[in-house]
Every structure is written in structure tokens, then in C-alpha cells.
Amino acid sequence: MSTAGEQDAGLSLQEEHESKTHRTKRRDGDRQKKKRRNERRKGGTRAGEGEEDLQAVSEKRERSKRKRAKSKQETSRRENNEEEEAQLTGGKGTKARKDIRNEKTRRMEKEEVREVEENVDKGKKKQGSTKKGEKKEDGGKQLVKGKAREVKKKKHKKTSEEDDDEEEDNDKDVVRLECLSPEELEKLKEAVDERKKLIQSLRGKPWAMKKKLVTLRESQEFVEKYEGALGKGKGRKLYAYKVLMTKKWMKFQRDFENFKTACIPWEMKIKEIESHFGSSVASYFLFLRWMYGINMILFGLTFGLVMVPEALMGRPYGSMPRKTVPRAEEASAMDFAVLWDFGGYAQYSVLFYGYYNNQRTVGWLKFRMPLSYFLVGVGTVAYSYMVVIRTMARNANESGVGDDNSFNFSWKMFTSWDYLIGNAETADNKFASITTSFKEAILEEQESHKDDNIHLTRFLRVLANFLVLCCLAGSGYLIYFVVRRSQKFALDGLENHTWWERNEVNMVMSLLGMFCPMLFDVISTLENYHPRVALQWQLGRIFALFLGNLYTFIIALMDEINLKRKEEKIVKFNITTWEASLYNGTVSENSTASPVTIHPADVPRGPCWETMVGQEFVRLIISDTMTTYITLLIGDFLRAVLVRFLNYCWCWDLEAGFPSYSEFDVSGNVLGLIFNQGMIWMGSFYAPCLPALNVIRLHVSMYLQCWAVMCCNVPQERVFKASGSNNFYMAMLLVILFLSTLPAIYTIVSIPPSFDCGPFSGKNRMFDVIHETLESDFPPWFSKVFSYASNPGLVLPFILLMVLAIYYLQSTSKSYREANVELKKKLQMVISVLFFL
Amino acid sequence: MGNKQTIFTDEQLDAYQVSLFSFSRLHGRYHELAPHLVPMDYTNEPDCKLPLALIVNMPELKENPFRNRIVESFSEDGMGNLSFNEFVDMFSVLSEMAPRELKAIYAFKIYDFNVDNYLCKEDLEKTLNKLTKEELTPEEVELVCEKTIEEADLDGDHKLSFADFENMISRAPDFLR
């Protein structure tokens, strides 16, 4: 209270001072004017004092009112009513300011200045004040309560009183405006700006809440009082209006921000997991959510621009050979087993490449279907690159340069506690890990002068890496050997071999995928890294292992593609003979080129390697998903159930001893997610349904895994912060993106499309569609320009230029980083010097 | 209107710069701690304070080893009794959206057990013991505190002033929580 009063007094003092200095500057000394001004000024201060009196009164009344509980509700109700009524400029509003405003609305037509003030006040009412404002209004209310019947009379009396005060205030301000010189206006503007800055930065100040609220209200009052009045003449109205709009806009922005935060999906779930399991487990779920966002966009692109136009505007099912199930397969086309395998009706639908027609334009919109198909394929890859690189850049900026070990113990002491932990078990783990970490640091400190440890550690690490390399080489050779064998078996015909030999490749890959990571885990205990670093090494190694899987998959696919292409040649030959036989039959009847009506299902079909590729990918994703979910249910859930219930009748303590509850495997899950996404990128060109499938899969995964984590897993032994891992995941994702777009690009560029299916059938290469579009859809000069631009003579120097630009940017960024380090050192030196002085 | 809804005027919400949703949730939590003491209607700025013992039992703070210090450093009377304003203040500083400088200021206050504006050796010892639940031997505690003062003390008075603390904490890679 007192500080506010002082500040008010201070303000009025300031006003007096300003007016004094101005008086001395003014040359036209009209005494009468001066006298009037003096009187008004005194009235102004009187008004100020009057306000303070009113405040004191209202405070007293406040305290007495507090004893009556009922009145609170009444007054709040009345406040709400009064606010509404005041807006209508009507009514029974008995609060002081509202009265003034009402009076002002009446006088609005008369004076321009009054209008400005009123606008400012209206804005102020909405943006409002807090304690003191409320108290003032309550005080006003109290006055009325005391004399309930004679409300109107009171109002008139009060309004007239306060009207005078306000009038004097207004006049005071009017006078101020007119007689301020430009320098004073500038100063005033600066003061207003300063106050505005204060309001902005108020959130970051460490003051007590009360002080902040009081300062906020005063600063707002000050700003509003002088801001609206700073514009000159006619511009004043516009200026005040602009200020009002800015304020409304800021409020709108703030509300929108709050709304946006409330809209983020799964936020509460993830926060709960974070508090139980620490931030490394939560980082997996954040990554999952981010992937979900990307897949939604990809889904939007493929669904909206490829699947929907074809479904709505393309030729319907059954109208063309490529869109119909062949006669031979028709009987089984609706079986569940066939559909689950994505054959039958699923195969001949918008879900796969083969369904699309190669008509240049489709429907009444003249939608360029093949062009759209091609561009969506390119666009999904381009978008993914952009998003991944942008996220990496943002993460890199945030993580900063923090690499020094200069404050090791201090940081351990002050920053190791995770304030987000809310669970007793996690807290216990955290305490234990902090203690261990301190003990480790102490041990290191005590033994830091010995050299043997370093050599031993280095030797062990080299040994571990060697072992891992042996493992990887071994598994690579094994996969190669098995693939070779299965190709030999396929040539022999699959029926001659046992189940094992038929499914050898899949089984070997699954077994490797299960046992090698465990082996890597054991080997990594030799290395003795910080858990975060160990996690990264583990991820890297499993990544290399999974690359082997990828390699076999691609080899198998390429083999099948080549097979299908050979078949295609044979089929093409057969079709020409078949057609010839048909026409031979009709010609003998002497009819002139009558269209032979054969049901599309009976036409012999060429093999469609693209659809086959799409189907393979879809089957892979489905089987991968099923495997993950089943491992989750059995490995985690069943294990937890067994441990919990068998514990009652088992000889040793299951919960602490051998099986115990499983920990959440962050590295395995992250890698699974990344490889899954790689498959999607590879296959979505040939099967537009893949992003849709993935969206469903990620959605289900999110809920299933959130439940499984909370229900069956325990927090890890060594709880560590995952701050550095994010860019690591992104880097792996980028590598996979690159690797997975390579095969797709290769097939687009070098393999001719099937002649009988898909939007590019009949062309020599798939990208010919671009050429065709340029020729037919754009004006002729465009294609000329384009042909010049795609001339190698122009493209090569351009590429060279880009390489040079990259080199230049990299060297400047390196030099900036070095300058940064230098500056930091200088700063440290300066600070220490300052302290000694 | 009802009895179960917190009532704030628009002006109050505006001054706090929050949305009604999060604010009323916060007030709901405050009210839960002592339903008979805390009124639902805040338009008239009632003056009630909740004692330390109640606040320290909130699930967000229960597991925190520094919970007593946290509550004490936000209370005006230094004894840990929080009014609603101070309650809001505390949670706003602890939230992720508070600026780093603000968190550093309050972190210093929290770790300063004897409230003398310096982190002396006794403060550090108490901090360490709370962090490790007294699992370290006294020699180890001694060593760690020595090393900490050695690392961060710039003016050579064998205790950490706020400037030392801020200098050290601003370089920490994961000081955000």
C-alpha cells in the first residue's frame, strides 16, 4: 500500500516538476492562463489526494466487509452484472470509475480530448487492475450499500463529485499536452517505453508476487495515461486506437498460445512417464510423437493427392484389365487369408501402384494423375529431408557448446536432482544414482594422478570394439551365406525343402536380431562408459547389425524384380500372339475393326513388379508390427505377471533375482522406430497406402507402449538425463532416410516401368512424365528454358558452386565457434580479475 | 456460479497473464490442501496462508529432498507459510517456462540454508547430505565440498556468493530443471 501511495505521490510530484520547468520556458506569459492552470493543477493534486482518501476509505470498508460472507457472493454477482451494464453505458453501476465512464459517454460528442481519454479508460477497464482496482470498486460499492435506497441520488452526487475530479484530471492532461515542448514529449515517450519494457520483463524478475502485481498495475496506468495522449491532434485518436488494437492483439496471442499448449496430444501421458522413469524413457515417447506428426503429413499428401483423386475421378473398378482381379484368382479374392496377405481385392485397389491408370488427365478437373503421383513421391522424400535437417539444426542450437569439465563437482551438487520426479521409487533410484555418481567422481579425483587406469581403459575399449567388429562381420557373412542358399533353393523349387529351409533367411535374421544386441550389451560392460555414451555405442552397433538385414531384403527384392521383368518379356510376346489370334477370328467374319468385347478379367495380364514390391513392403511392416506387439505382450507383460504371481510360491525372490521386471529398452525401441520409418520411405512410392498404415500403427503403438511401460516396467538402475541423445536419433534417422531413398531412386531412374500397370505404363522411364508435362502443359518457351537449364554444361558448374558455398559456410562456422571459445576464455579471465580487484 | 468453481475476475487473470483453465487448476490444487481454509472466491483477495507442513506433502514436492527449503524461500515470512500469490509464484518458477536467470536466483535461495546470501561450507554440506541421503562418509563429504568451493569460488573468500553461483550455473549443460 505505502509504496503505491508513494509512487502516486511521486508521480504527482513529477508532474508538478515538469509543469514548473515548462512554465519557465514559456514566453507568452498570459497571466490569466497561468492562474487557471495553477488552479487546475492544484485541483489535480487534490484529485490525486481525493483518490487516495477514497482508497483509505475503501480499505476500511473492505475489512469490515470481510466479516460478512454472504455479501461476497452478492458483490461478485453484482460486479458481473455491473460490468455488463457498464458496457451498455447504462445503468445502475455504482462503482466510481464506471460512473465517470458513463458521464464521459454522454460528453463524447462534445470534446475530442475526452473521447481519447475515454477510449484509453475503456481499454484500461478491460485490461484492468488487480488488488487496488478491486478494492476501489468495492469501496465504491460499499458507499452505495450503506445507503441502499437512494442509489440514484448517490450516483448523481458521486458522479458529479468525481466528474469534477476527472474533469480536472482531463484538463490537467490536456494542458500538459498543449504545453509540452518536443524534448519533453521525447522524454515522456522514453519513460512510457521504459515502463512498457518493464511490463514485458516482469515475469523474469525475482520479486515477490505482491510487488510484481503492484508494479504491473502502476506501470500499466502510467503507460495508458500518457500513451494515448502522446499522439498529436487528429492523429491522437488513431494512435490511441492503434494502441488499443495492439493490446487486444497481444491478449489474443496469449490466449492462442495457451490454447495451443492445451492442444498438444498425449502431453499428460508423457509427463507422467517422465516423472516415473526419467527423461531418457520419455525421450523415446517424444520421438514417437514427432514421428507421428511427420507421418500424418505424409499421409495427407499421399491420401489427398494420389488415392482420393484416383478413387473419385479415375475409371472405376472393373473397367480395365489392370483394375480387375484376373479370372483365375477371382474365386479366392475375398478370402481373409488372401486379403491379409494383401492379394485379391486389396491388390487391385488404390492401395497399390498397379491400379493406377496412365491416362494423362483424369476427370472434369483435368487432374494430372501420373504427374501428381510422381511429384507426391518426390515431395514426401523432400519434405522428410527438410524436417529432419531443420530439427537437427534446432537441436544443435539449443545444446550449445557445453563441453567443459571445469565445474564437475559443482554441477553434480547443484544440478543432478531431477525436479520432475514425483514417484517414490524413482526418487530412491535417483538418490542411489546420485550417491554412486559422487562416489565415482571422488574415486576418479583421488586416483587421477595414476596413469595405469587410462591405459587399461583404453585397451579394454579397443578390445571391446574389436570383438564387436568380429560379431558384425560374422553375422554379415552368415546372412550372405544363407541368402545364397535360399536363392539356390528357390531355383530348385520350394516344395522339395523342409519348412526350416524355406524360411531360413527370416529365421536367421530374427535370431540374430534377438541375440546380438544382448551380446553387444555384455561386451559394452568392458568399456566402462557413462551410460549415455554407452547407449549411443549400443545404438550404433545394433544399427550396423540391422543394416545387414536391410541388405538381404534389398537383394531379395532385386532378384524378384529381375525375375518379373524376364517374365514380362515372355508375357508381352504371348499377348501379341493372343491378340493376333483374336483379330484373326474377327477378320474372318469380314467386320471392320469391331471392338472385341472381352471381359477385363479374362485379358491375360503382364506381371507388375511395382505392385509386388509394394506388397512386400506392406507385408514386412505388418509382420514387424505384429512381432513387436507380441514380444511386448509376452516379454514384458507375461513376464511381469509371472514374476508377480509366482513369487508367492517360488524358492528364490523372483522380483529381485533372476527374471525380475523388465526395464524399458530405449535403444531397441528407438531403432525399431527408425527402421520402420525407413521402410515406409522406401515403399511409399510403390504402395501409397503405407503412410496411412503407419499412422494407424504409430497411434496404436503410442497407447499400447504407454500402458505397457507404466504397467510392466521398472525404472532403470542408473537414471540418467537424455539431454544429448536427441540429435543422435536425428542423425540416425537422416542416415536411414538417405539409405532408403537410394533404392527407390535407382529403380525410378534405371528400370523401365511395367507395360501393363501403373500410372507410368507405356513410358520408357518413369521420369518421362515430367518431360511430357513440360511439353504439353506449359507454354513452348518454358520447355526451351528448361532444356537449356538441364544442359550438363550448366548443371555441373552449378553443382560446383554449391560445393564451394558449403565449404565456405563450414569454414566460417568453424571460425565463429573458435572465436566463441576465445571470447569465453577472455570473459572468464575478466571476471576473475574483477573479483580480485 | 456454484460452490465448486473458483472465481476470479478477468482483471486478475489478466494481471497474472494466464488462462482461466490453468489458473483455476492451480487454485484447485491450492484449495485441495486445506478446503476449509481456502475460499473459492478470490475476487476480494482474501488473506489466507497455508502452513509449510501442508504444502510439503504435495505429490510434486514430496520426493524432493529440498522441499522445505523451496517452500521457505518463496514465503514472505521465511517460515514456509504460503499465500496463494506465493504459491503461484513458486510453481511458476519451478515450471519449465520460467527463464533461466530466474531459476538461478531461486536455486541460490534454496541452497542457502542459513539465509545469509552466501553458500558457505555448512550450506554445501547440508545440500550434499540431502542429495545423497547421508550415504557418504564425512571425509568424502569434506572432499566434495572443498572441491566445489575450489571450482566455483572466484573472489577467494571460501564461500560462494550469488555471482559465483550464477557464473557456474550458467555454464551447466543441463540446468533447466
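Glycine is treated like the rest: Cβ placed from N, Cα and C.
Taken from TrEMBL as is:
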type	residues	note
REGION	A:1-171	region 'Disordered'
COMPBIAS	A:14-31	compositional bias 'Basic and acidic residues'
COMPBIAS	A:32-44	compositional bias 'Basic residues'
COMPBIAS	A:71-80	compositional bias 'Basic and acidic residues'
COMPBIAS	A:96-122	compositional bias 'Basic and acidic residues'
COMPBIAS	A:131-140	compositional bias 'Basic and acidic residues'
COMPBIAS	A:144-158	compositional bias 'Basic residues'
COMPBIAS	A:161-171	compositional bias 'Acidic residues'
TRANSMEM	A:290-313	transmembrane segment
TRANSMEM	A:373-393	transmembrane segment
TRANSMEM	A:462-483	transmembrane segment
TRANSMEM	A:504-526	transmembrane segment
TRANSMEM	A:538-558	transmembrane segment
DOMAIN	A:608-723	domain 'TMC'
TRANSMEM	A:728-749	transmembrane segment
TRANSMEM	A:785-809	transmembrane segment
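In this chain, the transmembrane segment (A:538-558) lies close to the transmembrane segment (A:462-483): three or more C-beta pairs between them fall below 8 angstroms, excluding pairs fewer than 6 positions apart. Long-range Cβ contacts of the transmembrane segment (A:290-313) within its own chain (Cβ-Cβ under 8 Å, at least 6 residues beyond either end) map to 350-351, 355-357, 362-365, 367, 369, 372-373, 376, 379-380, 383-384, 387, 391, 673, 677, 680, 684, 688-692, 694-695, 698-699, 702.
Take the transmembrane segment (A:728-749) and the stretches A:373-393, A:462-483, A:504-526, A:785-809: counting Cβ pairs under 8 Å, A:373-393 has the most.
Beyond the ends of the transmembrane segment (A:785-809), by six or more residues, the same chain brings 774 to within a C-beta distance below 8 angstroms of the stretch. When Cβ-Cβ distances below 8 Å are used as the criterion, the transmembrane segment (A:504-526) is approached by residues 460-461, 463-464, 467-468, 471, 475, 478-479, 482-483, 485-486, 489, 534, 537-538, 541-542, 545-546, 548-549, 552, 556, 627, 667-668 of the same chain, each at least six residues removed from its ends. Here the domain 'TMC' (A:608-723) has a mean pLDDT of 83 out of 100.
Taken through DSSP, the domain 'TMC' (A:608-723) splits into 82 helix, 4 strand, 30 coil.
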